[in-house]
Amino acid sequence: MGENMIKSEDLVFKYVNSEEQNEKLAINHVSMEVKNGEFLVILGHNGSGKSTMAKHMNALLLPSGGKMYVDGLDTSDIENIWEVRRRAGMVFQNPDNQLVATIVEEDVAFGPENLGVDPKEIRERVDDSLKAVGMYEYRKHAPHLLSGGQKQRIAIAGILAMRPKCIVLDEPTAMLDPSGRNEVMKTIKEVNKKFGITIILITHYMDEAAQADRIIVMDKGEKVMEGVPREIFSQVKKIKSIGLDVPQVTELAYELQKEGVDISTEILNIDEMVNALCQLK
């Protein structure tokens, strides 16, 4: 269906408050493209429109104006809804809200069962998906006994079992501790690299965003920045003016530069910082 997995054209979305009879503009004429196989992060603080944008990517919300295309399918066409949701799976913030069965493998099988997949193929899909997220040995466990990071990996396995082309993750690490966050990020990157599945990650964690192929920054319902992580985070002043932070090492480089140290602000990780400091005379 072409090289774009997701494409929005002049997208507008308004939340209507029926009690107060007023509208809130959540997305204001946003156009964006996400390539097949890309790992894109959408960054923004609360109320920026990033989660609303995510919900348009698997037709949980439909545009008030403009268009959203998923793998070439217009989400406004009611006949496309189920196919859109099959091609673009979604993982949410709270893992407990996404798990529906009392045994891990039954939970992962839930999606393909509802698609009417043959039982033998369901078995293969469940095993393959659990292996892909490193949770195969937990297949007979009860999901409620797992850690937050493990639960999110089960949620990702459940989406993988439906054989999507794209996974949209709406702040999947927001409720996790640092080790759980690392587990989930490792899984997301492996799914993207090994299987070529397009990943759209909504986050407010800068260290997660730094690992993406490309970043889109949203503010007040508009797309305000777009580029590779190095390009985005080197604009420290602009990022801070939007109310966001930059990765800690980038912040350190920025502060050193302000003090007259000859160092680039295009530093994203500790190894790069060590190399840059070692080269100073």
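For all residues, glycine too, the Cβ spot is worked out from N, Cα and C.
Annotated ATP binding site per Swiss-Prot: Gly44, His45, Asn46, Gly47, Ser48, Gly49, Lys50, Ser51, in sequence order, evidence recorded as sequence analysis. According to Swiss-Prot, the domain 'ABC transporter' annotation covers 6-245.
Everything Swiss-Prot records as a feature, shown here on the structure.
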| residue | record | contacts (Cβ under 8 Å, 6+ apart) |
| --- | --- | --- |
| Gly44 | ATP binding site | Lys50, His204, Val217, Met218, Asp219, Ile242, Leu244 |
| His45 | ATP binding site | His204, Asp219, Ile242, Gly243, Leu244 |
| Asn46 | ATP binding site | His204 |
| Gly47 | ATP binding site | Lys220 |
| Ser48 | ATP binding site | Met218, Asp219, Lys220, Gly221 |
| Gly49 | ATP binding site | Phe13, Ala26, Ile27, Asn28, Val30, Met218, Lys220, Gly221, Glu222 |
| Ser51 | ATP binding site | Asp170, Glu171, Ile202 |
Report the mean pLDDT of the predicted model across the domain 'ABC transporter' (6-245), rounded to a whole number.
92
Within 10 Å of the Cβ of Lys50 (ATP binding site), how many other Cβ atoms can be counted across all chains shown?
24
